[in-house]
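What follows is a short report on a single structure.
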Amino acid sequence: MSADNAGNIYTLPMANTVVSLFSIVLLCITAAQGRKRLHLNNERLTSYPVINDIDGICKTMVETQGYTCEEHQVTTEDGYILSLQRMPEGRSGEKADKPPVLLQHGIFSDASTWLVNSPDESLGFILADNGYDVWLANVRGTQYSSGHTSLIPNDTAYWDWSWDELASYDLPAFAQYVYNYTGQRIHYAGHSLGTLMALAALSQGQVVNMLRSTALLCPIAHMNQIPSLLTKLAADTFIANDMYWLGIHEFNPNGGGAASKFVEDICNKLNLNCSNLMSLVTGPNCCLNSSRTDISSEPTATKNLIHLSQMIRTGKIVKYDYGDQGQNMQHYGQPVPPLYDMTAIPNEFPLFLSYGGQDFLSDVKDVQVLLNDLKDHNGNKLVVLFKEDYAHLDFVRAVNAKQMIYDPMISFFNVN
């Protein structure tokens, strides 16, 4: 990343010129209604069910490519019913003879992240063909993980979570399920928010004993130097917080025309060319398949966006800040949110970290701060792979990601 991309490309006065626009548009946005979701019964699952879902990821994305696939479910300690897809063998039909790998997607996505390109280009298929037992995770709130033991997505309480809960409930539930089901320790690979989940969990001593290693693609940790103007502006004007207090607890990127008009007006105000909005947020991806540019987004909790905004504004990796000492005391027993200490990750735990020079979210300067946190990590247990021309989505969608990223990552898995 060039030095002039360090975040000096916008000023707060410009942000102030669009505050009124934010306020007006927020009043027009409503939570998405009537979307088809899988609502499950209220019984806590204690067995290992295999689900036949004709519209699920197995049927629509895996079996259509000639691979065996199983649908699984797990219930978190706080009641969310999550889906997992398992690919127990490669396209040849030969059973996996290597350890399980748990793949965790990022924000506004689901497990399809790992399957969207051809089998020769998508990590899920590539790992299965290399003999790994592949497990695809879908976090709470996404299309195939919308169940709960007592709530439905129309309930405000259903969306009362941030990535704190993804790290402390969803990831441990996924890892424990796969560990118990296979009887083996797991390799983990996460992209974007999936890396933050892992870093937070590992720093808290969770899941360490169930994992063999962790691969971090576009690691998200420190975020206050991101160069994306739109993302920085949204965080600094704290727009997600306003949405939350307006009663919009679910943020659905596919929610309708008001959001599109909102983005268009922002682009006009800032004199930005938003014909390629994806590049303005993620960075200029170099190597995406031009025939696969239609990206469907999954919802997340508005509270999750508030939490990420706090990280961008403060540069700290801490639990969700309730903005009130009394509420923080109620939740944490202290007036400020507790810190996630990256130096607490065991120095001997195997980490593979890969990042790109054009990434506007997992940007070079912030990744360097994370690497400084890990400076005492065992040199034989930390592999760092930098790709100068890669941006955020290249790591999961680039046509050459197998050669550039996945092959070195698989070599890392093979020795751990």
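Every residue gets a Cβ built from N, Cα and C, even glycine.
Just so you know, TrEMBL annotations never went through curation; they're auto-generated.
If you look up TrEMBL, you'll see 12-32 marked as transmembrane segment.
For 59-117, the entry in TrEMBL reads domain 'Partial AB-hydrolase lipase'. Mapped onto DSSP classes, the domain 'Partial AB-hydrolase lipase' (59-117) shows 11 helix, 21 strand, 27 coil.
Residues or ranges marked as active site, nucleophile in TrEMBL: SER192. SER192 (active site, nucleophile) has a Cβ environment of 27 other Cβ atoms inside 10 Å.
Note on ASP359 (active site, charge relay system): other Cβ atoms within 10 Å of its Cβ, all shown chains, come to 29. The feature active site, charge relay system is assigned by TrEMBL to ASP359 (among others).
Residues or ranges marked as active site, charge relay system in TrEMBL: HIS392 (among others).
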State the Cα to Cα distance, in Å, between SER192 (active site, nucleophile) and ASP359 (active site, charge relay system), rounded to an integer.
11
So if I draw a 10 Å sphere around the Cβ of HIS392 (active site, charge relay system), how many other Cβ atoms end up inside it?
29
At the Cα level, what's the spacing in Å between HIS392 (active site, charge relay system) and ASP359 (active site, charge relay system), rounded?
5
